[in-house]
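For reference, Swiss-Prot has these:
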| type | residues | note |
| --- | --- | --- |
| ACT_SITE | Asp27 | active site |
| ACT_SITE | Asn79 | active site, proton acceptor |
| BINDING | Asp27, Glu218 | Mg(2+) binding site |
| BINDING | 28-32, His48, 76-78, Phe80, Arg82, Arg199, 205-207 | substrate binding site |
Amino acid sequence: MSLTLKQADQASLSMQSLPKHVAIIMDGNRRWYRQHQAQCSIKSSSGHYYGAKVLPNIIESAFSLGIEVLTLFAFSTENFLRSAEEVAELFSLFHAQLDEQLPYLIENKIRLRCIGNLLALPPDLQQQIAKVASETQRHGMRELVLAINYGGKDELVRAFKKLHHDLVNKKISLDSVSEELIRLYLDTSEIPDPDLLIRTGGEMRVSNFLLWQIAYTELYVTDVLWPDFKPYHLLDAIKAYQHRSRRGGK
(Lines of atoms letter the chains of each structure in order from A; the text may use other names.)
(Lines give C-alpha, C1' and ligand atoms only; values in the text may rest on other atoms or scores of the structure.)
Protein backbone atom coordinates (compact mmCIF):
# COMPACT_ATOMS: atom_id res chain seq x y z
CA MET A 1 0.00 0.00 0.00
CA SER A 2 1.50 3.31 -1.03
CA LEU A 3 2.09 6.15 1.43
CA THR A 4 -0.40 8.32 -0.50
CA LEU A 5 -3.13 5.70 -0.23
CA LYS A 6 -2.42 5.20 3.47
CA GLN A 7 -2.64 8.93 4.16
CA ALA A 8 -5.81 9.41 2.12
CA ASP A 9 -7.64 6.46 3.59
CA GLN A 10 -6.49 7.08 7.13
CA ALA A 11 -7.96 10.56 6.83
CA SER A 12 -11.28 9.05 5.71
CA LEU A 13 -11.60 6.95 8.87
CA SER A 14 -13.05 8.09 12.16
CA MET A 15 -10.38 7.61 14.80
CA GLN A 16 -13.07 7.75 17.50
CA SER A 17 -14.83 4.62 16.20
CA LEU A 18 -11.81 2.67 14.98
CA PRO A 19 -11.96 -1.01 15.98
CA LYS A 20 -9.26 -1.75 18.52
CA HIS A 21 -9.17 -5.47 17.79
CA VAL A 22 -9.65 -6.91 14.30
CA ALA A 23 -9.69 -10.67 13.73
CA ILE A 24 -9.47 -12.30 10.30
CA ILE A 25 -10.46 -15.74 9.05
CA MET A 26 -8.14 -16.04 6.06
CA ASP A 27 -10.19 -18.30 3.79
CA GLY A 28 -10.00 -19.10 0.10
CA ASN A 29 -6.39 -20.17 -0.52
CA ARG A 30 -7.28 -23.52 -2.06
CA ARG A 31 -10.07 -22.11 -4.24
CA TRP A 32 -7.76 -19.34 -5.42
CA TYR A 33 -5.05 -21.85 -6.34
CA ARG A 34 -7.48 -24.01 -8.32
CA GLN A 35 -8.49 -20.93 -10.30
CA HIS A 36 -4.92 -19.72 -10.93
CA GLN A 37 -2.83 -22.88 -10.93
CA ALA A 38 -1.85 -22.62 -14.58
CA GLN A 39 -0.42 -19.12 -14.04
CA CYS A 40 1.39 -19.87 -10.76
CA SER A 41 5.18 -19.97 -11.01
CA ILE A 42 5.50 -21.60 -7.57
CA LYS A 43 3.72 -24.92 -7.28
CA SER A 44 1.82 -25.30 -4.03
CA SER A 45 -0.18 -28.17 -2.62
CA SER A 46 -2.99 -25.85 -1.63
CA GLY A 47 -2.27 -22.22 -2.46
CA HIS A 48 -1.13 -21.28 1.04
CA TYR A 49 2.18 -19.98 -0.35
CA TYR A 50 0.26 -17.29 -2.23
CA GLY A 51 -1.90 -16.56 0.80
CA ALA A 52 1.23 -16.03 2.88
CA LYS A 53 2.49 -13.40 0.42
CA VAL A 54 -0.47 -11.21 1.41
CA LEU A 55 0.36 -11.22 5.12
CA PRO A 56 3.12 -8.59 5.41
CA ASN A 57 1.10 -5.91 3.61
CA ILE A 58 -2.07 -6.59 5.60
CA ILE A 59 -0.22 -6.71 8.93
CA GLU A 60 1.62 -3.45 8.19
CA SER A 61 -1.55 -1.76 6.93
CA ALA A 62 -3.62 -2.77 9.96
CA PHE A 63 -1.16 -1.37 12.46
CA SER A 64 -0.47 1.76 10.40
CA LEU A 65 -4.20 2.50 10.50
CA GLY A 66 -4.23 2.38 14.28
CA ILE A 67 -5.48 -1.15 14.97
CA GLU A 68 -4.14 -2.23 18.38
CA VAL A 69 -4.69 -6.00 18.13
CA LEU A 70 -4.73 -8.05 14.93
CA THR A 71 -5.66 -11.73 15.24
CA LEU A 72 -5.15 -14.10 12.32
CA PHE A 73 -6.68 -17.58 12.14
CA ALA A 74 -3.64 -19.40 10.78
CA PHE A 75 -4.29 -23.09 11.50
CA SER A 76 -7.33 -24.76 13.04
CA THR A 77 -7.45 -27.94 15.11
CA GLU A 78 -9.33 -29.49 12.19
CA ASN A 79 -6.54 -28.62 9.74
CA PHE A 80 -4.56 -31.59 11.04
CA LEU A 81 -7.08 -33.73 9.12
CA ARG A 82 -5.81 -32.37 5.80
CA SER A 83 -3.14 -34.09 3.73
CA ALA A 84 0.34 -34.47 5.22
CA GLU A 85 1.71 -32.47 2.28
CA GLU A 86 -0.59 -29.52 2.97
CA VAL A 87 0.09 -29.55 6.71
CA ALA A 88 3.85 -29.66 6.07
CA GLU A 89 3.54 -26.72 3.67
CA LEU A 90 1.67 -24.71 6.28
CA PHE A 91 4.24 -25.39 8.99
CA SER A 92 7.05 -24.42 6.60
CA LEU A 93 5.25 -21.16 5.85
CA PHE A 94 4.82 -20.47 9.56
CA HIS A 95 8.58 -20.78 10.01
CA ALA A 96 9.23 -18.42 7.11
CA GLN A 97 6.67 -15.83 8.21
CA LEU A 98 7.89 -15.79 11.80
CA ASP A 99 11.43 -15.12 10.55
CA GLU A 100 10.22 -12.48 8.11
CA GLN A 101 7.98 -10.62 10.55
CA LEU A 102 10.30 -10.57 13.58
CA PRO A 103 12.36 -7.50 12.52
CA TYR A 104 9.16 -5.60 11.68
CA LEU A 105 7.58 -6.52 15.03
CA ILE A 106 10.66 -5.44 16.99
CA GLU A 107 11.12 -2.21 15.03
CA ASN A 108 7.47 -1.23 15.47
CA LYS A 109 7.19 -2.45 19.09
CA ILE A 110 4.51 -5.03 18.35
CA ARG A 111 4.13 -8.07 20.56
CA LEU A 112 3.56 -11.52 19.10
CA ARG A 113 1.12 -13.76 20.93
CA CYS A 114 0.10 -17.25 19.79
CA ILE A 115 -3.11 -18.93 20.94
CA GLY A 116 -4.25 -22.52 20.55
CA ASN A 117 -3.00 -25.93 21.61
CA LEU A 118 0.63 -25.17 20.86
CA LEU A 119 1.92 -28.32 22.56
CA ALA A 120 0.60 -30.40 19.65
CA LEU A 121 2.77 -28.52 17.15
CA PRO A 122 6.17 -29.82 15.96
CA PRO A 123 8.88 -29.10 18.58
CA ASP A 124 10.93 -26.90 16.23
CA LEU A 125 7.89 -24.72 15.51
CA GLN A 126 7.10 -24.50 19.23
CA GLN A 127 10.67 -23.32 19.84
CA GLN A 128 10.48 -20.69 17.12
CA ILE A 129 7.15 -19.38 18.42
CA ALA A 130 8.61 -19.16 21.92
CA LYS A 131 11.69 -17.32 20.59
CA VAL A 132 9.70 -14.68 18.69
CA ALA A 133 7.24 -14.28 21.57
CA SER A 134 10.13 -13.82 24.00
CA GLU A 135 11.88 -11.24 21.82
CA THR A 136 8.70 -9.15 21.55
CA GLN A 137 7.16 -9.69 24.98
CA ARG A 138 8.28 -6.31 26.34
CA HIS A 139 5.98 -4.67 23.78
CA GLY A 140 2.36 -4.44 24.83
CA MET A 141 0.64 -1.49 23.20
CA ARG A 142 0.02 -3.40 19.96
CA GLU A 143 -0.24 -7.13 19.42
CA LEU A 144 -0.19 -9.57 16.53
CA VAL A 145 -2.05 -12.71 17.61
CA LEU A 146 -1.68 -15.92 15.61
CA ALA A 147 -4.24 -18.66 16.21
CA ILE A 148 -2.30 -21.87 15.49
CA ASN A 149 -3.82 -25.29 16.11
CA TYR A 150 -6.73 -23.32 17.49
CA GLY A 151 -10.40 -24.25 17.82
CA GLY A 152 -12.99 -22.40 19.83
CA LYS A 153 -14.45 -25.61 21.27
CA ASP A 154 -10.97 -26.93 22.09
CA GLU A 155 -10.13 -23.68 23.85
CA LEU A 156 -13.23 -23.97 26.03
CA VAL A 157 -12.47 -27.61 26.88
CA ARG A 158 -8.93 -26.68 27.91
CA ALA A 159 -10.22 -23.72 29.91
CA PHE A 160 -12.83 -25.79 31.75
CA LYS A 161 -10.24 -28.45 32.58
CA LYS A 162 -7.99 -25.82 34.15
CA LEU A 163 -10.95 -24.31 35.99
CA HIS A 164 -12.02 -27.74 37.27
CA HIS A 165 -8.47 -28.40 38.47
CA ASP A 166 -8.53 -25.18 40.48
CA LEU A 167 -11.96 -26.01 41.90
CA VAL A 168 -10.81 -29.46 43.02
CA ASN A 169 -7.69 -27.99 44.59
CA LYS A 170 -9.76 -25.26 46.27
CA LYS A 171 -7.93 -22.43 44.53
CA ILE A 172 -11.35 -21.06 43.60
CA SER A 173 -14.87 -21.66 44.90
CA LEU A 174 -17.94 -22.67 42.92
CA ASP A 175 -19.62 -19.43 43.97
CA SER A 176 -16.79 -17.46 42.37
CA VAL A 177 -17.37 -18.95 38.91
CA SER A 178 -18.63 -16.23 36.57
CA GLU A 179 -18.24 -15.11 32.98
CA GLU A 180 -15.33 -12.92 34.01
CA LEU A 181 -13.63 -15.77 35.86
CA ILE A 182 -14.04 -18.16 32.91
CA ARG A 183 -12.52 -15.49 30.67
CA LEU A 184 -9.36 -15.62 32.78
CA TYR A 185 -8.86 -19.26 31.77
CA LEU A 186 -9.10 -18.60 28.03
CA ASP A 187 -6.15 -18.26 25.65
CA THR A 188 -7.21 -14.64 25.11
CA SER A 189 -7.44 -13.66 28.77
CA GLU A 190 -4.98 -10.78 28.33
CA ILE A 191 -6.46 -9.22 25.19
CA PRO A 192 -9.85 -7.60 24.50
CA ASP A 193 -12.53 -9.39 22.51
CA PRO A 194 -12.56 -8.59 18.77
CA ASP A 195 -14.56 -5.58 17.67
CA LEU A 196 -14.56 -6.72 14.05
CA LEU A 197 -14.25 -10.19 12.53
CA ILE A 198 -13.45 -10.30 8.81
CA ARG A 199 -13.90 -13.48 6.81
CA THR A 200 -12.56 -13.70 3.27
CA GLY A 201 -13.82 -16.19 0.71
CA GLY A 202 -17.54 -15.57 1.08
CA GLU A 203 -18.49 -18.41 3.44
CA MET A 204 -21.13 -17.39 5.99
CA ARG A 205 -19.83 -19.15 9.08
CA VAL A 206 -17.36 -18.58 11.91
CA SER A 207 -15.64 -21.99 11.63
CA ASN A 208 -15.10 -22.65 15.33
CA PHE A 209 -13.11 -19.43 15.75
CA LEU A 210 -13.16 -17.43 19.00
CA LEU A 211 -16.61 -18.75 19.91
CA TRP A 212 -16.65 -17.21 23.39
CA GLN A 213 -15.04 -13.94 22.34
CA ILE A 214 -17.21 -12.95 19.35
CA ALA A 215 -20.56 -12.85 21.17
CA TYR A 216 -20.96 -9.16 20.26
CA THR A 217 -18.36 -8.82 17.53
CA GLU A 218 -19.34 -7.19 14.24
CA LEU A 219 -19.02 -9.64 11.33
CA TYR A 220 -17.88 -8.69 7.83
CA VAL A 221 -17.79 -11.26 5.04
CA THR A 222 -16.23 -10.55 1.66
CA ASP A 223 -16.22 -12.77 -1.43
CA VAL A 224 -12.58 -11.82 -2.04
CA LEU A 225 -10.35 -14.88 -1.67
CA TRP A 226 -7.49 -14.41 0.78
CA PRO A 227 -4.60 -14.30 -1.76
CA ASP A 228 -6.46 -11.43 -3.48
CA PHE A 229 -7.13 -9.53 -0.23
CA LYS A 230 -5.55 -6.08 -0.38
CA PRO A 231 -5.19 -3.21 2.10
CA TYR A 232 -8.14 -1.42 0.50
CA HIS A 233 -10.31 -4.47 1.24
CA LEU A 234 -9.28 -4.13 4.88
CA LEU A 235 -10.22 -0.46 4.74
CA ASP A 236 -13.61 -1.33 3.23
CA ALA A 237 -14.27 -3.65 6.17
CA ILE A 238 -13.29 -0.99 8.70
CA LYS A 239 -15.45 1.63 6.98
CA ALA A 240 -18.42 -0.77 7.04
CA TYR A 241 -17.78 -1.34 10.74
CA GLN A 242 -17.79 2.39 11.39
CA HIS A 243 -21.25 2.72 9.84
CA ARG A 244 -22.76 0.20 12.25
CA SER A 245 -24.33 0.85 15.62
CA ARG A 246 -22.87 -1.44 18.28
CA ARG A 247 -25.29 -2.08 21.13
CA GLY A 248 -23.72 -5.10 22.82
CA GLY A 249 -27.10 -6.79 23.17
CA LYS A 250 -28.71 -3.76 24.83
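Glycine is treated like the rest: Cβ placed from N, Cα and C.
For the pair Ser76 (substrate binding site) and Glu218 (Mg(2+) binding site), the Cα-Cα distance reads 21 Å.
Cβ neighbour count within 10 Å across all protein chains ranks Arg30 highest among the binding-site residues Arg30, Arg82, Arg205. In the three-state DSSP classification, Glu78 (substrate binding site) falls within a helix. A Cα-Cα distance of 25 Å separates Glu78 (substrate binding site) from Glu218 (Mg(2+) binding site). When the recorded positions Ser76, Asn79, Ser207 are scored by other C-beta atoms within 10 Å, Ser76 scores highest. The recorded positions Asp27, Glu78, Glu218 differ in how many other CB atoms lie within 10 Å of their CB, and the one with the most is Asp27. Long-range C-beta contacts of Gly28 (substrate binding site), restricted to its own chain and to partners at least six residues apart, with a cutoff below 8 Å, comprise Gly51, Thr200, Gly201, Gly202, Val224, Leu225, Trp226, Pro227, Asp228. Mapped onto three states, the DSSP output places Glu218 (Mg(2+) binding site) in strand. For Trp32 (substrate binding site), the same-chain residues lying six or more positions away in sequence with a CB closer than 8 A to its CB are Gly47, Tyr50, Gly51, Leu225, Trp226, Pro227, Asp228. Among the recorded positions listed here, namely Asn79, Arg82, Ser207, Ser207 has its C-alpha nearest to that of Asp27 (active site). Taking only the Cα positions, the spacing between Arg82 (substrate binding site) and Glu218 (Mg(2+) binding site) is 30 angstrom. The residue listed as 'active site, proton acceptor' sits 11 Å from Ser207 (substrate binding site), taking the C-alpha atoms as the reference points. The secondary structure of Arg30 (substrate binding site), as reduced to three states from DSSP, is helical.
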